[in-house]
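Below: the structure, in structure tokens.
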There are 2 protein chains.
Amino acid sequence: MRRLSTADPGFGATFDALLEEARDTTTRVDAPVAAIIADVRARGDAALIELTERFDRVRLTPETLRVTSAEIDAAVAAVPAPLAEALEVAAGRIEAFHAAQLPSDLRMTDAAGLTLGMRWTPLDAVGLYVPGGKAAYPSSVLMNAIPARAAGVGRIAMCVPTPDGMLAPLVLAAARRAGVDEIYRIGGAQAVAALAWGTATIRPVDRIVGPGNAYVAEAKRQVFGRVGIDSIAGPSEVVVLADGRQNPRHVALDLLAQAEHDEAAQSILITDDAAFADAVAVAVEIALQALPRAAIAGASWRRNGAIVLVRDWDEAAGLVDRLAPEHLQIMTAEPEALFGRIRHAGAAFLGAWCPEAVGDYVAGPNHVLPTGRTSRFASGLSVYDFLKRTTWVAADAAALGRVGPAAVALAEAEGLQAHARSIAIRLDSGQPA
Amino acid sequence: MRRLSTADPGFGATFDALLEEARDTTTRVDAPVAAIIADVRARGDAALIELTERFDRVRLTPETLRVTSAEIDAAVAAVPAPLAEALEVAAGRIEAFHAAQLPSDLRMTDAAGLTLGMRWTPLDAVGLYVPGGKAAYPSSVLMNAIPARAAGVGRIAMCVPTPDGMLAPLVLAAARRAGVDEIYRIGGAQAVAALAWGTATIRPVDRIVGPGNAYVAEAKRQVFGRVGIDSIAGPSEVVVLADGRQNPRHVALDLLAQAEHDEAAQSILITDDAAFADAVAVAVEIALQALPRAAIAGASWRRNGAIVLVRDWDEAAGLVDRLAPEHLQIMTAEPEALFGRIRHAGAAFLGAWCPEAVGDYVAGPNHVLPTGRTSRFASGLSVYDFLKRTTWVAADAAALGRVGPAAVALAEAEGLQAHARSIAIRLDSGQPA
């Protein structure tokens with residue numbers, strides 16, 4: 001963990017170095033992934049079955065690739081009632097927020113008499129990748145599938161690897177609640193290839209979303225263009241802005257909640273109170289001792305963590321915009337006003353009672369967010385990822401008469417005579433036929 | 001040009017083959033582009049100057065990299081009045097349509113007492129690549145820069161190569177009209193590298209848009225992540241749906257307007273009238289003879305063109321959805337109703353008086369559109385490309401009390417104890433400090 005102060009003479013250079021540090025150390029797996037994709041394209045289900053036996057130690061047949069409805073029923077029944085209720089709270093809230101995001105079509109007739117429009121339509125089919133094995137993340141199923149369903153996507157096909165046959169009931173229950181019934185027990189690059197290209201058993205989709213390991217990320221990169229993909233997520237990060245009136249133990253846990261994801265995660269506290277900074281540093285060490293994932297969280301905090309002392313909140317806002325963090329927590333007297341002075345963040349959590357972890361599960365907005373300073377230009381997952389726009393124009397002879405000559409002039413200036421003539425012939429003819 | 005009929009026994013296989021044909025034959029330039037980017041990162045302006053002398057035969061200095069305001073003034077003055085007026089018609093209409101696209105922020109307080117929001121903010125800085133030399137496309141400057149300006153982007157930096165010193169006045173005039181004053185006379189991968197990483201003279205941007213050759217496209221791929229990019233455009237394409245009442249000479253020019261872009265472009269006519277199909281085929285050959293770009297348009301039409309005879313318009317709608325074309329022209333009795341039955345297209349042009357070329361220049365919607373069947377999941381350029389969303393949550397103690405326990409239960413089920421405790425400690429404390 002680094003301690004920085006904007007009052008230090010070397011602050012500029014130290015902060016620049018912090019910004020440029022590459023935390024993501026993904027290994028390159030281009031070649032093996034290309035081979036797997038080619039194999040799935042060539043041999044379809046047979047390749048999926050062979051690769052799944054090799055990587056997950058599970059023997060499948062074309063008939064058992066897909067999880068049956070009865071298996072999902074059994075998983076739903078196996079979820080303890082309090083957990084089922086928590087899942088319902090989360091799903092309902094995520095649904096409500098994403099439904100509120102749905103945009104409206106545009107239609108306008110202008111002075112020249114042209115009618116212009118923009119129409120939103122859902123994607124036909126979406127593939128959802130869900131990591132399997134030890135770490136089961138039902139929240140990720142909800143956050144990826146519910147926006148697709150809210151957008152009106154007709155078909156959501158989910159792939160989840162089941163190493164040694166393991167498949168968390170809560171993941172299946174989350175899928176059922178989110179409206180996903182088409183679930184395949186495959187993972188890795190082979191699952192991405194199957195979703196992009198299709199096999200005898202799995203029909204291809206139009207876009208693939210969801211987190212995965214380096215093989216999954218590389219496979220998504222390689223099938224991009226054939227299908228759409230979501231952005232490739234880097235390590236998670238949080239910036240907490242907190243004044244001296246906050247509880248250091250709360251802030252310490254907020255920083256560690258991010259750090260426990262991954263050793264490459266990054267937690268940064270920005271405060272205007274040096275004594276509070278000290279208190280949080282101590283509270284982090286104490287909280288770490290009681291954490292099951294102390295090894296990971298501790299390594300992340302020591303390597304990537306930082307506490308930055310600022311002179312005022314305007315200075316803090318400037319630093320946040322340069323960090324453009326995935327998560328931003330604001331615990332000051334006027335959090336919404338301070339948020340209004342910050343331009344770049346994936347998601348913000350305002351006030352002492354709004355820890356970022358609430359947003360990971362139940363607040364409603366999506367927890368799939370831009371990492372690695374990309375919130376300067378990118379946004380979190382939303383219904384927009386599952387919709388596309390078609391613009392349209394309608395004109396009659398009079399309208400074409402008003403705007404056509406300008407188009408002819410520009411087309412001729414660009415040397416595109418067929419463009420110009422396709423308009424000019426209509427202007428001359430006075431009649432379409 | 002292929003003639004197909006849905007009544008043919010082999011139609012399914014032939015149409016599948018048409019869909020899978022790769023028209024894009026971009027050469028791989030990964031290695032030279034990586035070297036150029038590394039050079040620009042290492043040596044900045046010096047690399048730009050050296051590469052520009054090598055590729056464009058122009059000697060620049062750090063002082064002459066940027067086009068001066070006086071040079072832009074002179075270019076604007078050099079544009080003939082009718083062309084200046086045409087540019088103004090186009091710019092005004094493109095501005096009006098993109099301003100109408102601007103989305104609204106979201107803010108809602110729900111039953112649990114949480115306030116949830118989604119805030120749109122513009123990108124800080126955008127880079128616009130404009131191809132130079134022989135082919136000058138002022139329309140492309142308008143279509144890329146105006147949506148950025150409409151979104152509220154503060155800074156637009158444009159790069160345009162000037163081979164042998166050539167720089168079209170109309171391109172500079174379009175840039176001025178669109179609000180772009182920061183223009184650099186550099187091109188290729190070196191321009192993309194400069195926009196992404198910055199040099200002493202050129203400050204870095206957050207997103208790079210605009211068309212370019214294979215080097216530019218590969219450079220955009222390689223800087224993606226550091227900055228955002230637009231989608232890499234493939235060859236252009238149009239599908240025209242026309243009934244027997246249309247003028248075959250008009251339709252022939254619409255097909256050729258697409259074909260004249262590039263030998264890899266694709267023009268497809270779908271009609272329910274065999275005699276009309278014959279008439280269009282003849283009209284294309286006649287119109288070709290009078291076209292300056294007949295060699296390109298003819299090659300495109302012979303290699304990639306097609307006329308498909310259908311039994312009815314429902315059948316046509318199904319074929320269009322499988323083609324998911326960049327441009328769709330509908331010339332039938334009820335074009336808007338037929339458009340309503342089609343799900344996938346980048347942009348649609350409705351009626352006998354609405355040739356696609358109108359949309360390339362003056363209609364108002366963007367002409368940068370998804371190609372290569374990607375309109376299944378992708379959309380045309382818009383203000384959305386220059387905005388990003390930040391979601392936010394605000395909660396007080398009572399609101400956290402209502403939703404917090406569900407989040408704690410899910411975090412514990414996922415094995416993320418710091419997440420759970422960051423919420424639980426607040427639920428227990430009853431006070432933030």
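One-based numbering along the chain as shown.
Each residue, glycine too, has its Cβ placed from N, Cα and C.
The annotation in TrEMBL ties A:S236, A:Q258, A:H261, A:D360, A:E414, A:H419 to substrate, and of the candidates under consideration, A:H98, A:H327, the one tied to the same site is A:H327. The maximal spread of the substrate binding site, taken as the longest Cα to Cα distance among A:S236, A:Q258, A:H261, A:H327, A:D360, A:E414, A:H419, is 55 Å. Chain B lies within reach of A:D360, A:E414, taking the binding-site residues A:Y129, A:D360, A:E414 and requiring a CB-CB distance under 8 A. Sequence-ordered, the extra residues of this chain that approach the NAD(+) site, with Cβ no more than 8 Å from the Cβ center of A:Y129, A:Q190, A:N213, are A:P131, A:C159, A:P161, A:G187, A:G188, A:A189, A:A191, A:V192, A:G212, A:Y215, A:V216, A:A219.
The C-beta environment of A:N213 (NAD(+) binding site), restricted to residues of the same chain at least 6 apart in sequence and closer than 8 Å, consists of A:P131, A:G188.
Cβ-based crowding with a 10 Å cutoff singles out A:Q190 as the top-ranked of the binding-site residues A:Q190, A:S236. With respect to A:D360 (substrate binding site), the closest of these recorded positions in Cα terms is A:H327, chosen from A:Y129, A:Q190, A:H327.
A:Q258 (substrate binding site) sits 11 Å from A:E326 (active site, proton acceptor), taking the CA atoms of both as reference points.
When the record's NAD(+)-binding residues A:Y129, A:Q190, A:N213 are compared pairwise by CA position, the greatest distance found is 13 Å.
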